[in-house]
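Please read the structure below before turning to the comments.
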Amino acid sequence: MAQDDNSGVDLVAADSSHAEQEFAGSTGTAVIPRDAFENPGFEPHRPRVTDENPKREKRAQRTVYTLFYLSILGSVWAIAAYMLFPMESNDVGAVRLNNMFVGIGVTLALLGIGFGAVHWGKSLMTSAESIDIRHPISSTPATQQGAVEVMRQADEESGFSRRTVIRNSLIGALLAFPLPAVVLFRGLAPQDQLPVELLSHTMWRRGTRLTLDPSGTPIKASDVTIGSAFHVVPEGLAELEHGKLEEKAKAAVLLMRLEPSQLNPAPGREDWAYDGIVAYSKICTHVGCPVALYEQHTHHLLCPCHQSQFDVSNNCEVIFGPAKRALPQLPIAVDDEGYLVAQSDFNEPVGPSFWERH
Amino acid sequence: MSTATTRSTAPEKRSFTAAASEYVNDRTGIAVAIKGLGRKAFPDHWSFLLGEVALFSFVVVLVSGTFLTFFFQASMAEVEYDGSYVPLKGVEMSVAMASTLDISFDIRGGLFVRQMHHWAALLFVAAIGLHMLRVFFTGAFRKPREINWVFGFLLFVLAMAEGFTGYSLPDDLLSGNGLRIIDGMVKGIPLIGTWTSFLLFGGEFPGTAIVGRLYTLHILLLPALVVALIAVHVGYVFIHKHTQFAGPGRQPTNSVGPPILPIYAAKAGGFMFIIWGVISLIAAMFTINPIWNYGPYDPSPVSAGTQPDWYIGFADGALRLIPPGWEFVWLDRTWSFNILVPLIAIGIFLVLVVGYPFIEAWVKGDKREHHIADRPRNAPIRTAIGAAGVTFYAGLWAAASSDLLATHFSLTMEGVINALQATVILGPIIAYFITKRVCIALQKKDREIVLHGYESGRIVKLPGGEFIEVHQPLDEYDRWRLVSFESYEPLMIRPDARGKITAGQRLRASVSRWFFEDRIAPVTRGELEAAHSSHHAEVDTTHG
Amino acid sequence: MSLDRSVTNSMPANRKKLMNRSKRRTGRRHPLATVALLALGLVFTGGAYAALSSGSVAQAEAEPTSQETIEEGKKLFQANCATCHGLDAQGNNGPSLIGVGAASVDFQVGTGRMPMQMQGPQAQVKPPQFTDEQVKQLAYYVASLGPGPDIPADHLVNGGGDAANGAELFRINCAMCHNVAGAGGALTEGKFAPALTGVSGVHIYEAMVTGPQNMPVFNDLNISPEDKRDIITYLKYVQDNRSPGGFELGSLGPVAEGLLIWIFGLGSIVAITVWITAKSN
């Protein structure tokens, strides 16, 4: 131990540039007892069975080359399996066999080399340990001095600290030059879009029919029986040329029918439902997963991503989980032919909160 | 044995090797490296191989990933799937998804490589995590290795980023909902959130740009950074030489172990193939990320059990644990603390992880280089802090599978979440105290063993009729393993040069007291002699 | 279900047109469909055997609504169900069963959920308490009390539909609770959506039309009978075709994968590191 400490101090002595040294001492708050034990030095070398018993050595040798041969076998098998187990079109089972047998061949090839090499190293290679001497990581004071001298000379020759105007203008230029590159990244988002505007509106308009996802079949109010849950998209979504998924990501709606007596509409929302049929945005107000788990007896909606729960009978207010806001409700009505239609767009932005939302 | 045969059978081969070596050396001067590094010692301990697990699994990721780039197409253009998987035939999906399905079902061995890539990625991050724990608990981050700890930490973060970008590329339902969550989180960031989301997705979510952008990050920028950082990280291991555990002959000034050539090369080289073999075995036997089940991304459906890969789990769990109502409208703007609090908590956690070496060095004031790894018990507070951190992380991690915990252990989802909320807050404190006590108890046990020897289990009747158990004394080598550590004492506050005690000093003193007030010092020679003389009879018996 | 019949008739045609436009039909029947058919046949044979051994006539199959069957069902009902559902199924502690239809009874009793063993978040699956014959008797007795969904015809539940269409409908309507591979998932307050592996086509169909427990109802106007058949076809496909990648790990997704790599992957690797660095003797 004493030996350790001395060497520790030696290392610190080489590292004399620390101002704090006078204060904390080189060893900090470490306690170095005067009569600590001394390092007893290396243990005597213990020979292995393979060093002493030629039979065992032979056996180890056999094991090693057997493993290497097994590896070759594995490689051959993997190539053979590639051909023996073709991938038949439309047959998942063939893929499974191909994957498994090619994989097993490759595994054998790799493990054979691996275990063989390690076994060789462990049992047959001379087991003497090597000893490296560590040197302090920091360079010697002379080298440090040399480096300081080089820098001083460079400074003097260039006048870097003397010619302050040149220096400061260079620093300014270096700070400014990456800025255009940063500005270029503005192009990542379209130039002509206003995010807040886009996030505040969906495809729903007055009179847009509610249709089934994915078929686009319009839904009659009479189709929606008590306890049903319909996954709904606005009419015409499938016909969109562009932005189908973007619109769907905002406009997806879950349609449910409860007994009208089980609904407690908030003031102003009394006529947003139709005979117990309510439509709520399916996009979670937390971070936007589809809230689609509807429990028909408890009237709870659950988001499978972060477990926010919403109470359908109570305007989809949050009852559990990290979401804060109720799911936006889509006001619905019935048109002349009895189909469910939207009264208007949502009255608030759907989906996750964003900074400009208020 | 084998070297002998090579020598005897190949004189002409030798001359060829000699000529070839000379040719290369004349042009590269490689001999310096071989002479300098060939017999370098690499200390031997199982836990020193964990970093290599990460390195070797990264090689698999790199090679298998290169194969996949030949077939994967990072486009979000819509196509109608016409491949071999029947339940998706005719379904509209992005080219990215369709090409991933083709890799899985229509390219022989494609699924195997894809599964290897994904499994190796999971192993890569897991091995980094375990390697970091090893470095932390053995104090291998102390001077001069603090900077390498930072590089390692950056690699951990980059590995997670690599993982997440890769997970999102197939554009399937699972990863699409993952991106949806990222979008929601980004939007919740004050001031810049909305615009950042638009920049990321090239307009509204999901857009048609994100897969291509993530692909560029995934196969170009991030791998370049990872490779560069690995080079630096491993380079520093050579410069610093590996740490070693205390043992007979092991000095702070040496490094003892099998030489790189040949034993270490055989073991580590063999180990590399074993890691590859294990990954290949798992890829051959176990399905990973069955995108054919998830189907193409569509903003309307979602699957029960939607989770990220394990290394993102802690962030997802943090989101799940926020109680209802943590969002406010203030100054006409939305403040989403249900998103900000997890982000900030994770941020603080990560800063503490990366900054810990500097904190510990500041508390100790120890400016020496440390090349002898601590046994975790000999640094009780560090170990306890580590255990607290692990508990915190594990709580968040478990929260990401709250729904599966509920179904598989017949619990209520609400109960699981409430229990995990408590775990994340109280768990670290409990873990801290338990670990500290256990460490100190183990240290006391070590002292007992050094002072009185092992309990041999042999009962001896003394002439006086008294029964005693014979204690087997330690030989000097085993004793050295138990006594060669340093303990630290709390810092005494002293006025500085101007006779003042600064606030920094005060803080440092109180942190130092917290760290070191319950210290157990190693046994000294004097103590051992005193113990021997007081148990003279016993010692005599055992010597006899 | 007692809704406008004319709508019922017009809708599937409409749907069919849409379906044809999207060209999802493969016209292919999986070879294992035969196996499934065989299995179904065996189930029915078993039912007939049970019926014969219990001494009643196996004609119930042929003429399900015979007065005799209903009478038998009534007796069974009053002995086993009336405590909760009332002597005339008008409801007591349990809900009224008037108008729930034969499908509901066949599902609840046929999967062993009813009679319930104890109160809990939801009725659990148990080995059925009645023979198939008795289940049918109960079902037709309850069906006789008021119109409701009937036990589906064989061609709708034998897995002979379009798996691709079924898969898409399954993802949109079912996967959020039952998981994309039908592995099940958690609901609120200890309830859960059960795994669908091993559940017969008939029971899946009946669950969709009746909405047992907290499951929503998917009537024929929401998901047409043909679409329901396609969903069952998809589930059969997933069940009959093991994952091409190897063991599925319960189809639970990244959590199971993470556990595997930590426990099996890193676990075995750590064991190997210990072997590599151990001194050989």
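From the backbone N, Cα and C atoms, a Cβ is placed for every residue, glycine too.
Look at TrEMBL and you will find A:43-55 tagged as compositional bias 'Basic and acidic residues'. For the compositional bias 'Basic and acidic residues' (A:43-55), the DSSP-based tally of helix, strand and coil residues reads 6 helix, 0 strand, 7 coil.
Under the heading domain 'Rieske', TrEMBL lists A:250-341. Model confidence over the domain 'Rieske' (A:250-341) is summarised by a mean pLDDT of 94.
As annotated by TrEMBL, region 'Disordered' applies to A:1-57.
Within the same chain, residues 94, 97-98, 101-102, 104-113, 115-116, 119-120, 123-124 sit at least 6 positions outside the transmembrane segment (A:64-85) and bring their C-beta atoms closer than 8 Å to a C-beta of that stretch. Residues or ranges marked as transmembrane segment in TrEMBL: A:64-85 (among others).
If one looks beyond the transmembrane segment (A:97-118) by at least 6 residues along the same chain, the residues whose Cβ comes under 8 Å of a Cβ in the stretch are 63-65, 67-82, 84-87. The annotation transmembrane segment is assigned in TrEMBL to A:97-118 (among others).
The feature transmembrane segment is assigned by TrEMBL to A:170-189 (among others).
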Tally of residues which DSSP labels helix, strand or coil - the domain 'Rieske' (A:250-341):
8 helix, 34 strand, 50 coil
Who are the long-range neighbours of the transmembrane segment (A:170-189) in its own chain, taking Cβ under 8 Å and residues 6 or more past its ends?
195
